[in-house]
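**Q** Before I ask anything, let me first share the structure, which is written out below as C-alpha cells.
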Amino acid sequence: MPTVVVSGSGENQEFEGRITVYVIVCVIIAAFGGLMFGYDIGISGGVTSMDDFLKKFFPAVFEKKHHALENNYCKYDNQFLQLFTSCLYLAALIASFVASKVCSKYGRKLTIQIASIFFIIGVILTAGGINIEMIIFGRIFLGFGVGFANQAVPLFLSEIAPPNLRGALNISFQLFITIGILVSNLINYFTTNVHPHGWRISLGIAGVPALMLCLGSILICETPTSLIERHKVEEGRKVLRKIRGVENVEDEFDSIIHACEMAKQVKDPFRKLMKPVSRPQLVISICLQIFQQFTGINAIMFYAPVLFQTVGFGNDAALLSSVITGLVNVFSTVVSIYVVDRAGRRILLLEACVQMFISQVIIGIILLKELKTTGDNLSKGEAIFVVILVCTFVMGFAWSWGPLGWLIPSEIFPLETRSAGFAFAVSTNMLFTFIIGQAFLSMLCQMKAGIFFFFAAWVIIMGAFTWFLLPETKGVPVDAMVDKVWKQHWFWRSFMVENDRPDVKVV
C-alpha cells in the first residue's frame, strides 16, 4: 500500500511501500517490553494479597487483614507494602533519562536489549527473595528495565511503521501491556492456593517474557532513522528497503536524511525542549502522562484484588474478578488498534472521559452509601455491580488514555528532540505512577469512597484539556507535525516562531 511521508520541503509525497512480515515480527518482539511492564503492574496486586507473601514479608499487614474488627478501607494500608509496588516506578523514572542518552547514541535496538537484561536480573531477585530488601532491590532492577523499554519501544514502533499504520502498530505496545496484566491475573488466580511458594511462581514466571525479549531483540533490526542519525547511512537505506518491502525508497530515505540533518543542528536537545517552539509537544506529552495516571487506572490495576476484597469478595473471587477486568482491558485495546487511525485520537479521548467519569461517580456513590468503615461488606449483587462498573471504566481507559498516552508523545516530537522529549514523557509517567502506587492504599484508607470522586474530578480536567488544547494527529507524518498541526492550532501556533528568535515572549 502507498505510504505518505513528508519531504524535505515539508510537502506530502507518496511513494511505494507496504507492511511486511518482517515489520510485524519486529513489532511483536519489541512489544514484549510492554508485556513485561503489564505483567509487573498486574502481578504486584495479586502477590500482595497472598497470605504466604504477607506472612513472610509483611506480618503486620497479615494480622490487620485477618483482624475481627478490621477497617474495610485500611486493611492493606502499609507504606512498605506500597513501596514494594511503587519502587519499580521510581527506578524507571531515573532510568528513563539514562535510556534517552543510550537510545540516541547507541540506538533503539541496544536499549531494548539492555532493558531485557535488567528484567531478567529483577526476576531472579524477586522470585528468589529471602528478605524484604532483596525483593525491593529486585523491583528496582525491574524498574530499570521498564525505564529502558518504555523509552525505546514506542520510538522503535513509530519509526518502523508507515504513517498510515503508525497508530495501530504503536498501540501494539499498549496491547501487550494489557496482555501482561491479564496473564499476571491468571497466574495469580492459580498460584494463590499453591502454598507456601505460590507468590514465588507468580514473580518467577515474569522471566519467560523477559527471556523472549532478550532473545528476540537479537532478531530485530535497528530503525533506519537511528542508523542514519548515527552516520550509518547505507545501512539505514538497506534496512529501509527491508522493512518497506520495495527497492524504491529514495523519497522516504531523502526525507529521513533531511530530518537527521536538521537534528544535527541541535547540539543540546534538552535545551531545545525548553524553547518556546518545543512548548506544545512538551506540555502535551507531560500532561498526557499525568492525566493517564490520574484517571486512577493503575491504582485499580495494581490493587484490583485488594479492591475487590475490600468490597466483599473472598481472595479467589477477587482474583477472578481481576481476570475479568484484565480480559476487558485486552479486548478494548484491540478496539483502539482498529479505530485509532480511522476515527482519530481526540474522539477516543473525549468519549472515554464521559465513560470513565460516570463509572467512577457511581462506584463512589455505592461505596459511600453501602460500604461502612467496619462491619459487613457490600451485598453480593452490589459487589458484582461494582465489578461491572470497574470493567466499564477499564474499557474506556483501554481504548483511549492507555494507548494514546504513549502513542501521541511518540509521534509529535521532531527528530532533533524526539528521544529527549519522550524521556520527559516516560519519566513523568513513572513519577506519577510511583506517586499513585505509593499513596493509593493510604488514600483509600483516609478518603474512603471519596477517592473515586477525586479521580472523577481529574477526568473533567482531562476532558477540558483534550477539547481545547489537544490537536488531532491522525494520518499526519511525524516530520509534518509543525506545519500541519502546530501552526494550524488556535493556541499553539503562537509558539511556532522561526529560528527560535531570542526576542520571542515566553508564555
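The backbone N, Cα and C atoms fix where each Cβ goes, glycine too.
Marked as domain 'Major facilitator superfamily (MFS) profile' by TrEMBL: 26-474. Taken from TrEMBL, the feature transmembrane segment covers 19-39, 80-98, 110-130, 136-157, 169-187, 199-221, 282-306, 318-340, 347-368, 383-408, 420-444, 450-470.
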**Q** If we skip the immediate neighbours and take only residues 6+ beyond the ends of the transmembrane segment (383-408), which ones have a Cβ under 8 Å from one of its Cβ atoms?
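**A** For the transmembrane segment (383-408), the nonlocal Cβ contacts are 150, 154, 166-167, 170-171, 173-175, 177-178, 284-285, 288-289, 291-292, 295-297, 300-301, 304, 307-308, 311-313, 321, 324-325, 328-330, 332-333, 335-337, 339-340, 345, 348-349, 351-353, 355-356, 358-360, 362-363, 366-367, 377, 429, 462, 470, 473.
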**Q** Which residues, given as numbers and ranges, are at least 6 beyond the ends of the transmembrane segment (199-221) yet have a Cβ under 8 Å from it?
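**A** Apart from its flanks, the transmembrane segment (199-221) reaches 22, 25-26, 29-30, 32-33, 35-36, 39-40, 43, 46-47, 50, 52-53, 109, 112-113, 115-117, 119-120, 122-124, 126-129, 138, 142, 145, 149, 156, 160, 180, 184, 187-188, 191, 239, 242-243.
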**Q** Taking the transmembrane segment (420-444) as the reference, which of 19-39, 80-98, 136-157, 347-368, 450-470 gives the largest number of Cβ pairs under 8 angstroms?
**A** 80-98
**Q** Which range wins on Cβ pairs under 8 Å with the transmembrane segment (136-157): 80-98, 169-187, 347-368, 450-470?
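**A** Between the stretches 80-98, 169-187, 347-368, 450-470, 80-98 has the largest tally.
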